[in-house]
Amino acid sequence: AQIRYSIPEELTRGAFVGNIAKDLGTDVAKLAAANLQVLSDSDSQYFSVNVNTGVIMVSERIDREQLCGQNPRCFLHLKLAIENPVEFYRIEVEILDINDNPPEFPSDEVSLRIYELASLGARFPIQPAQDPDVGTNTLQTYHLSANDNFNLNVKARTDGGKFPELVLEQALDREFRAFHYLVLTAEDGGSPPQSSKIRITIQVLDANDNHPVFDRPSYGARLVENSPLGTLVVKLNATDVDEGPNGDIRYSLSSHNSAALRQIFAIDEQSGEIRVQGNLDFEEATVYEIEVEAKDMGSPTMEEHCSVVVEITDVNDNAPEVILTSFSSSLSEDALPGTVVAVIHVKDRDSGEQGKVLCHVSPDLPFQLRKDYEHQYSLLTSTRLDRERVAYYNVTVSASDLGNPPLSRHIILPITVIDVNDNAPQFEQASYEVLVAENNPVGSVLVTVSAADPDSEQNSRLSYSILRAGGTDPGLDPTRYLSIHPTSGQVTAKFPFDYEQTTYLQFHVEVSDGGSPALRNRTLVHVFIVDQNDNAPRVHFPRAGEDSATQFRISPSIVPPALITKVVAIDADSGRNAWLSYHLVEATDLGLFSVALRSGEVRIMRALQETDASAHELLVVVRDAGEPPLSTAVTLVVLVEEKGPEALQGSEARAADGGGLPTITLYLIVSLVLISTVSLAGLAALGVRCL
């Protein structure tokens, strides 16, 4: 089945088109249940169907002129598909024209040039107006404003087009009126009608009926520069009302033309064609005015002159010229933004837009161009420079004209950034820790401090020196023990270190560059003296000569494990090197006596017997825990005697002396604790400083 509807164009969205359910005689509920679908033949979906009501509505703006142009009838086709059973319905919607477009002339004004001797009835066509509407809404008629010389004639073509013509009804007289101003109105047949107007300017040209007459008093031509040889400039046309030889005309270039112009242009005396025979260069001349003579062959000869104005159109055949007025090839890195580096003059021999030149530099560089005036630019720094980041720039200045296609020229400005002393030397480490074994060789390298300065040349030449650190013992002047090479930073020892005198040393190393003023930096060096096992244990008790032994007397009735004496020794070293052990190496009877490994106490291990010797010689060795270990030996002689009160008193005195041994041991323990505490405090302070 096929259904047809008619609607005007430009309806709003949602406008009613038709009720498909009613027109098909189908229940709306049936359509909704049958999965109604709308299919359009066009790319746009101009209509939609409400399946609940069966109403077809406009869903998009419809422009009849856009859809069908000048076709008098315009249709949009739809297909409705339903299921169960499958059926198709074709719907044809006719789009009716409305008067939504006025007639339009190609331009608002037209100019005509008419000779004053133009024949009556001469016709002068005018470009017609166009109206995209159809039917009565399209262009219907023209109206000409009132005047004395022209009437309007409208020619109707078979396709319905209407073309206006001006018809000369009364002779023109240029001396009376040189210009005529008319208004032509085009009107369509809509309701209400729409119209548009065009202004007609008529210039009346003078004519000389006794001389050869050019068809225009002057000719104009426009040529592109560099036109090839033989290019036609203009074809002149002169007429003479005379007949026979008196009307035969010859053309020539007037003697008023320069020799240079005669080398560029040539004229054919028969046809009046002027052609190019030389090079046309806009930059040398933009306009040529050629004086031309038209002579008849009568006797006497009569002539007429006209001028041909040839305008040369510039082409973009000249690249911009870039002239460096002033330029500084080196620039200090502390130059402020806005410092002028170069002054550039640009020019282009072309004209108009093709002669306008724009300059630019890369936005990635710290430079910018400032336009001082029409043809001059200044190259400025846009940000601060940093030689340590970029020491050299190749700045490309590009100059481009506005031609199509544009021509460009580039110059490269090499700019060297001069260093200033703006960077202090930086040590590789904020602090250095050095472990040095005592008894080191004189001149040995303890540590090498290293600093770097990103500046260049003199500003990066570094010199090292040793300063006394603030926390160091005033008596420990580091320069007394150490020296530093001023250029390599190697710290060497002047004397061997003795751990027993100095365990720790700290000092500052200062580095300064060669700039003016010099910039400096410091680092802290911690030197820890590592103990070596270079001191053997020393026996403090019992005191004896090198080759003598100390005697002790005991009673035969002594009860084991009675303390006979205590060997007390100390070691000037520290740590494991000062850990002492006591050993009974030799004895008259090894089973009778014992020596405590750590305390050095000598005790009797069993009761004396009558068979035991009355004198016993003991060799006690005191050994440290160093690598290799060092030791000291002491010889003790134990005499077994029955003594009277005097002898016992001596024994008691020795016992009293022996009672003083724990006090010495206490002193040693306190000394070790103090040394350990100071060492731990120093290490803790160093750790805090490093953090």
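All residue numbers here begin at 1 and follow the chain in the order shown.
Glycine is treated like the rest: Cβ placed from N, Cα and C.
In TrEMBL this protein carries:
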DOMAIN    6-105  domain 'Cadherin'
DOMAIN    106-214  domain 'Cadherin'
DOMAIN    215-322  domain 'Cadherin'
DOMAIN    323-427  domain 'Cadherin'
DOMAIN    428-539  domain 'Cadherin'
DOMAIN    546-664  domain 'Cadherin'
TRANSMEM  664-688  transmembrane segment
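Averaged across the domain 'Cadherin' (215-322), the predicted model reaches a pLDDT of 87. According to DSSP, the secondary structure content of the domain 'Cadherin' (6-105) in residues is 16 helix, 38 strand, 46 coil. Taking H, G and I as helix, E and B as strand and the rest as coil, DSSP gives the domain 'Cadherin' (323-427) the counts 4 helix, 56 strand, 45 coil.
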